[in-house]
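Asker: Supplied in structure tokens, the structure appears directly below.
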Amino acid sequence: MAVPTELHGGSVKETAAEKESRVLEPGAAPFGNFPHYSRFHPPEQRLRLLPPELLRQLFPESPENGPILGLDVGCNSGDLSVALYKHFLSLPDGKTCSDASREFRLLCCDIDPVLVKRAEKECPFPDALTFITLDFMNQRTRKVLLSSFLSQFGRSVFDIGFCMSITMWIHLNHGDHGLWEFLARLSSLCRYLLVEPQPWKCYRAAARRLRKLGLHDFDHFHSLTIRGDMPNQIVQILTQDHGMELICCFGNTSWDRSLLLFRAKQTIETHPIPESLIEKGKEKNRLSFQKQ
């Protein structure tokens, strides 16, 4: 994906501005590792749909049993990770809380080391948010890094996982089986899972951007059989194949992506779903749960 500095048959060189323009072009981020993602999908659009008290509702026993442990997969430069952290702890802008890390600890991972480095540098809660470079599809590395984090708290799973606009990139780069495996691993690692799937139109747009830049197409795009209504497809895989249940649809962002909350069926039954989420979850009936 490197851009040549000199054209064949001539001595015309790209200017720094031209080179940066191509690097920052969305199509030049085939893993979704956009350098300024929050500029076109601001965190506030997600936060307005999520109740600030969500974690307190799901985990009323914390912090007596230790901090709530979260996993954010595909965290990019950490803007949304930090925003979610502040939102769920009701921390106003510009304010930190010395006790916050005892309530909620968040492990954030991304495939891009440059973005992870930026996230570490700019994070206002270094005691509570940990950023690591990780290709989540690398089984060996994933197991080592995630187990190392969980062992600090004597845990084997995370309380909640965040999968925000990452499913498409896994799907395009690893195919149908890769998406299935990705969701399998997440569901085995998290008691609850908040997923924001990209709709199929985003797949087509991502492929067009690559072609526009003259880059190699996604290896699996034309061979994908899991397609169409992607939120529904994600629901089918998680509920029918991976032992989770959809308990709430929080609605859609302004860019038409749904926020879906799942719960592992093996989660202790004495831990009831809050009534407010049950009522909110009736919105899920807007989704068609029939296989396509």
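The backbone N, Cα and C atoms fix where each Cβ goes, and this holds for glycine too.
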Asker: Can you tell which of Asn65, Asn76, Asn173 Swiss-Prot lists as binding S-adenosyl-L-methionine with Arg46, Asp110, Asp135, Phe136, Met164?
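Answerer: S-adenosyl-L-methionine site check in Swiss-Prot: besides Arg46, Asp110, Asp135, Phe136, Met164, the record includes Asn76 out of Asn65, Asn76, Asn173.
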Asker: If you look at how Swiss-Prot annotates this chain, which of 1-20, 21-40 comes out as region 'Disordered'?
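Answerer: Region 'Disordered', as annotated by Swiss-Prot, spans 1-20.
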Asker: Where among the binding-site residues Arg46, Asp135, Phe136, Met164 do you find the Cβ with the fewest other Cβ atoms within 10 Å?
Answerer: Asp135
Asker: For the S-adenosyl-L-methionine site as recorded (Arg46, Asn76, Asp110, Asp135, Phe136, Met164), determine the largest distance between any two Cα atoms, in Å, rounded to the nearest integer.
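Answerer: So the binding residues stretch over 25 Å, Cα to Cα.
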Asker: Which value does the mean pLDDT take for the domain 'Bin3-type SAM' (53-274) in this predicted structure?
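Answerer: Its mean pLDDT is 92.
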